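Peer 1: Annotations per TrEMBL:
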- 95-383: domain 'SAM-dependent MTase RsmB/NOP-type' (DOMAIN)
- Ala187, Ser188, Ala189, Pro190, Gly191, Gly192, Lys193, Asp211, Asp238, Asp255: S-adenosyl-L-methionine binding site (BINDING)
- Cys312: active site, nucleophile (ACT_SITE)
- 397-454: region 'Disordered' (REGION)
- 409-421: compositional bias 'Acidic residues' (COMPBIAS)
- 445-454: compositional bias 'Polar residues' (COMPBIAS)
Amino acid sequence: MDELGDADGELFQLPTAEEREASKANGGTDILDIQRRMQMCVRVLGNFKKLAANGRSRSEYIEQLLADIGSYYGYNDFLAEKLFQLFPVSEAIDFFEANEVPRPVTIRTNTLRTRRRDLAQALINRGVNLEPIGKWTNVGLQVFESTVPIGATPEYLAGHYMLQAASSFLPVIALSPQPNERILDMASAPGGKATYISALMQNTGVVFANDSNKARTKSLSANVHRLGCKNVVISAYDGREFPKVMGGFDRVLLDAPCSGTGVISKDPSVKINKSFRDFTLLSHLQKQLVLCAIDSVNPESRTGGYVVYSTCSVTVEENEAVVDYALRKRPNIKLVDTGLEFGREGYTKYRGKVFSDKLSLTKRFYPHVHNMDGFFVAKFKVEKRFKIANHDEKDVRSKTGITSAEGEQGGDGDNVFDSDEDKPYLEENKRRRMKAKGLRVPPRVSTQLLAPSA
Ligand SMILES: C[S@@+](CC[C@H](N)C(=O)[O-])C[C@H]1O[C@@H](n2cnc3c(N)ncnc32)[C@H](O)[C@@H]1O
């Protein structure tokens with residue numbers, strides 16, 4: 001056995017593989033011993049040259065640490081490793097620790113019904129101890145303690161506020177909805193973000209609040225009514241049916257279905273029920289949805305032309321990999337600043353994968369850093385599609401700032417735009433729209449489909 005003296009003069013022994021097996025067979029190590037061993041492994045890995053025992057490799061310490069994280073915090077091996085890899089060693093422990101602690105209870109003032117100051121006073125009068133969340137939001141309040149159930153006060157029932165995690169304000173702030181716009185919230189139930197969008201638009205324009213899960217649209221509808229959102233239309237399409245069912249939006253929010261690795265403190269079942277297959281399937285769905293979100297935007301919108309992609313997950317394949325994929329598949333988009341004043345930059349490189357440099361414009365939020373749920377936010381500007389032939393694709397990519405070095409990850413083949421090809425469809429659509437409005441329809445100029453460009 002190898003030995004290392006810790007700060008208190010106690011001895012640390014990194015077990016050998018045989019000793020680990022034997023300990024397992026005897027019912028495992030005591031929880032306090034596991035905790036101590038984790039601390040020692042973190043110490044050694046932080047100063048390996050000086051503290052590692054002779055003949056023991058870095059990977060042996062990491063293997064032990066991962067096994068201990070799994071049993072101490074209750075994660076399956078796969079997820080423990082995946083989350084561990086996101087951070088330097090000691091920070092990873094901070095992340096796992098933060099997932100054991102509930103996040104602050106926060107509420108969002110519904111400005112369609114009241115002002116934050118008035119709401120705060122009304123709740124203080126009922127015995128609620130609260131404070132503004134922070135400078136970055138003028139509608140959020142953090143509840144420290146309350147003598148009344150915060151989800152059943154008269155103010156709650158009257159729609160003066162929404163019980164909402166602070167992190168879920170972020171994609172709406174990034175979306176920056178403007179009055180009188182047409183906005184699609186592609187995966188919107190139970191409506192925390194859709195109702196916030198509605199409030200920022202001051203009940204003007206239209207918010208299309210969609211969610212493929214019909215059962216979940218019930219709570220969406222209840223929230224929309226309670227909060228007095230009169231500019232919201234609810235639908236239950238699969239997001240991948242957009243823009244076929246409807247398009248031409250000024251802005252689209254895709255708060256994508258995800259693994260929930262950012263909200264483990266709220267839903268600890270994630271620790272054991274997510275496998276490699278789940279991440280592969282989710283990432284694939286997210287890639288399909290993000291392309292549909294992009295294609296649903298009107299690039300000629302006078303006030304907008306934006307897509308915000310967000311998840312409550314911290315894994316790279318659900319976030320940067322999806323955004324990078326979208327950049328490669330849609331040459332008419334670019335990443336822009338989210339407008340969020342805090343948060344860590346998204347990864348431009350991760351474990352051998354190289355993403356577009358522009359990924360640094362995306363934002364990551366972590367429980368152990370920001371005391372809010374783990375979250376990811378990216379904002380795209382959608383520009384007019386223009387014709388590109390395969391031979392000059394590189395040229396166009398450099399013009400649009402798309403510099404990804406990663407190869408294609410499979411999926412739906414190259415998707416280049418050809419405005420000539422689109423013309424007959426657009427003409428036909430215009431004719432239909434005019435007809436529907438009772439206008440005189442001009443004779444058809446061209447109905448023949450053009451061959452795709454070489
Ligand atoms: C993260 S939750 C959305 C939370 C919501 N934006 C809010 O703020 O209250 C993701 C949602 O995606 C929905 N969903 C899953 N697959 C979908 C799909 N293919 N199309 C549209 N919505 C989908 C789920 O039903 C779920 O309600």
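Cβ atoms here come from the backbone N, Cα and C positions, even for glycine.
Since the structure is predicted, the reported quantities are computational estimates derived from the model, not experimental observations.
Could you give the neighbours, burial and distances for every feature on this list?
Peer 2: Taken together, the residues of the domain 'SAM-dependent MTase RsmB/NOP-type' (95-383) have an average pLDDT of 98.
DSSP gives Ala187 (S-adenosyl-L-methionine binding site) a coil state; it is part of no helix or strand.
Close to Cys312 (active site, nucleophile) in the fold, though at least 6 residues off in sequence, lie Ser167, Ser168, Cys258, Gly260, Gly262, Val263, Asp373, Gly374, Phe375, each with a CB less than 8 Å from its CB. DSSP classifies Cys312 (active site, nucleophile) as coil under the three-state reduction.
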Peer 1: Max Cα distance spanning Ala187, Ser188, Ala189, Pro190, Gly191, Gly192, Lys193, Asp211, Asp238, Asp255 (S-adenosyl-L-methionine binders), Å?
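Peer 2: Pairwise Cα check on Ala187, Ser188, Ala189, Pro190, Gly191, Gly192, Lys193, Asp211, Asp238, Asp255 gives a maximum of 19 Å.
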Peer 1: With Cβ-Cβ distance below 8 Å and at least 6 positions apart along the chain, what are the contacts of Ala187 (S-adenosyl-L-methionine binding site)? List them in sequence order.
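Peer 2: Sequence-distant Cβ neighbours: Asn210, Asp211, Ser212, Gly239, Leu254, Asp255, Ala256, Pro257, Leu289.
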Peer 1: Report, as a single number, how many Cβ atoms besides its own are within 10 Å of the Cβ of Gly191 (S-adenosyl-L-methionine binding site).
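Peer 2: Summing over all protein chains shown, Gly191 (S-adenosyl-L-methionine binding site) has 29 other Cβ atoms within 10 Å.
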